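Chemist: Copied straight from Swiss-Prot:
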BINDING   HIS16, ASP167, ALA168, LYS169, ARG233, PHE234, ASP242, ARG248, LYS249, ALA265, LYS269  ATP binding site
BINDING   ASP18  Mg(2+) binding site
BINDING   GLU44  K(+) binding site
BINDING   GLU57, GLN100, ASP242, LYS273  L-methionine binding site
REGION    100-110  region 'Flexible loop'
Amino acid sequence: MSKEYLFTSESVSEGHPDKVADQVSDGVLDAILATDPQARVACETLVSTGLVVISGEITTTAHPNYREIAQEVIRRIGYDNSDIGFDYKSCAVLAAINRQSADIAQGVNEGEGLDLDQGAGDQGLMFGYACNETPSLIPLPIYYAHRIMQRQSELRKDGRLNWLRPDAKSQLTVRYVDGKPVAIDTVVVSTQHSPEVSHAQITELVIEEIIKPVLPSALMQGEVRYLINPTGRFVIGGPHGDCGLTGRKIIVDTYGGAAHHGGGAFSGKDPSKVDRSAAYAGRWVAKNIVAAGLADRCEVQVAYAIGVARPVSMMIETFGTGRITDEKIVELVQRHFDLRPKAIIQELNLLRPIYGKTAAYGHFGRDEPEFTWEATDKAAALRADAGL
């Protein structure tokens, strides 16, 4: 008997207040890494009506202009007029920055601390995931939820739908049969808009110009329910409508709820923080396992102790889809991947100003060259070593 269920994932636009905060934090990180690749950065941002607050622990030889960084990020997003609730030209930017704790630095710096290798920047557990539902080996609901939001941004910025404003959310419910996506059940889009456009106009144009051009027609053969701005009005939005904070969209950033999450956010953190670098490495490992044909679905967990280089544990789960045992896959991963922080940073070339692009529309399932953790460069070797 087949198993049928509905699964839902959501995405948010670059103008969502939490994503504004993420982009400011990663904007600071990129500005620092551009001149000081060895900097230690843990940057948190709060955005509210007319206000940006940047805080955290940063040790660097760079001299970032926090106000200019924040204003440029906000301008690029599209908050350029107080009429839409936020204006990069007039918002206040406050910065309260400390240096990284010397006790933490001792455990992370290579050649210091009890472990002379570069240790993990903190304890914690991280997950990576991949599946063969889409060409990018990312779950289908989150993949298309992101595409809807990217389409909203595209039509807003090029003026084709000039009543759109930056803040928006999407949600996609997909029907699965025996673990495979077979139909789209419900699409929810809430988008900020100018006050003169009617709800009927918004509904028609969002469905016809944003949703339908993005979603695969093969999954839309049945009756699809559309819920467009279901409150009826969304004029007040962005940081004026809701306070935004760095790290509040960790499920949007990853796999849309289709996989576990260790709890650590990404944005504003340099790659010595395993919350970020090890989660990227976990995705790299899982994607190569699926690309190699070792499994249809794969979840990888790694865990670290602060100041210790090697992971304290690694677990792989293939949900009954593996061509070989999960234990055998663990052995293959241990032979083909070095998951010490320094090795991850070197292998994935993470000491570069590449993080701004990650801060909206997902850290995974992307094809831009900066997303080195999306490479399937180990797949052939894994498959050969597995004897497949």
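Every residue number used here counts from 1 along the chain in the order it is shown.
Yeah, the Cβs are placed from backbone N, Cα and C, and that goes for glycine too.
Are these features on the surface or tucked inside, and what touches them?
Modeler: Within the same chain, the residues at least 6 positions away from LYS249 (ATP binding site) whose Cβ sits under 8 Å from its Cβ are VAL12, HIS16, ASP18, LYS19, ASP22, listed in sequence order.
Secondary structure at ASP18 (Mg(2+) binding site), taken from DSSP and collapsed to helix, strand or coil, is helix. ASP18 (Mg(2+) binding site) has a Cβ environment of 22 other Cβ atoms inside 10 Å.
Here the Cβ of GLU44 (K(+) binding site) has 21 other Cβ atoms within 10 Å, regardless of which shown protein chain they belong to. Mapped onto three states, the DSSP output places GLU44 (K(+) binding site) in strand.
Within 10 Å of the C-beta atom of GLN100 (L-methionine binding site) sit 20 other C-beta atoms, taking all shown protein chains into account.
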Chemist: Which has the fewest other Cβ atoms within 10 Å: HIS16, ARG233, LYS269, LYS273, the binding-site residues listed?
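Modeler: Checked HIS16, ARG233, LYS269, LYS273; of these binding-site residues, fewest Cβ neighbours within 10 Å: ARG233.
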Chemist: What does DSSP call ASP242 (ATP binding site) in the simple three-state scheme?
Modeler: coil
Chemist: Spatially speaking, which of the binding-site residues GLU44, GLU57, GLN100, LYS273 is closest to ASP242 (ATP binding site)? Use C-alpha to C-alpha, please.
Modeler: GLU44
Chemist: Could you state the whole-number distance in Å separating the C-alpha atoms of GLN100 (L-methionine binding site) and ARG233 (ATP binding site)?
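Modeler: ARG233 (ATP binding site) has its Cα 44 Å from the Cα of GLN100 (L-methionine binding site).
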Chemist: Which binding-site residues (GLU44, GLU57, LYS273) fall within 10 Å of ALA168 (ATP binding site) by Cα distance?
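Modeler: Matched binding-site residues: none.
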